[in-house]
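Report on the following structure.
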Amino acid sequence: MISHAVNKAEVEGLVRLFNGLMGDQAGSGRPVHGLDRGRFRNILHNTFGMTDDMLTDGVFRAFDKDNDCFVSVKEWTEGLSVLLRGTLDEKIKYCFDVYDMNGDGYISREEMFHMLKNSLIRQPTEEDPDEGIKDLVEITVKKMDHDHDGKLSFADFEKAVKEETLLLEAFGTCLPDAKSILVFEQQAFQEPSEQ
């Protein structure tokens, strides 16, 4: 469902942008059903500065609701409406979907470990850099696992984020910053005659 914060003209702008991107992809000679993972990743990187491959794969999965390995125009407009103007509840659901790497409805210790390992800067002097990450996972589980089952359900994640909104992107950046949003909206939402 498209967030109500995006109006009809803005949805039309997102559709125009999608169609332009699809036109670029159509030259591949294969039938095109939507944006593929690689193309989508490039857009996240170039437009929103998201560079972590693990997280951009998670964003792709969160957008690709029907799991057909393509982001359709409907998935594109719905996903971007949440990224650009979503409510806290919409963003909590979106971030949880990004972080739930295997789609089992939980963020496991192993998933936390891999995401945090990718997002932390290693100090060259550390003998076992993984130990610090394991400690961080344990601290996170202690803070966010409200039902004490050793993994984060959506309910755990939602409760923790509502108590402390800084935890929304606890496992890595998967939402664009305000400046990137502004630049994107200026491009996507201008009238066709202005382009």
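Here, residue 1 is simply the first one shown, and the rest follow in order.
Every residue, even glycine, has its Cβ placed from backbone N, Cα and C.
Note that the structure is predicted; figures quoted are calculated from it, not measured.
Annotated in TrEMBL:
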- 51-86: domain 'EF-hand' (DOMAIN)
- 87-122: domain 'EF-hand' (DOMAIN)
- 132-167: domain 'EF-hand' (DOMAIN)
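Residue counts for the domain 'EF-hand' (87-122) under DSSP, helix first, then strand, then coil, are 23 helix, 2 strand, 11 coil. Residues of the domain 'EF-hand' (132-167) grouped by DSSP class, helix first, strand second and coil last, total 26 helix, 2 strand, 8 coil. Under DSSP, the residues of the domain 'EF-hand' (51-86) split into helix, strand and coil as follows: 24 helix, 1 strand, 11 coil. When pLDDT is averaged over the domain 'EF-hand' (51-86), the result is 95.
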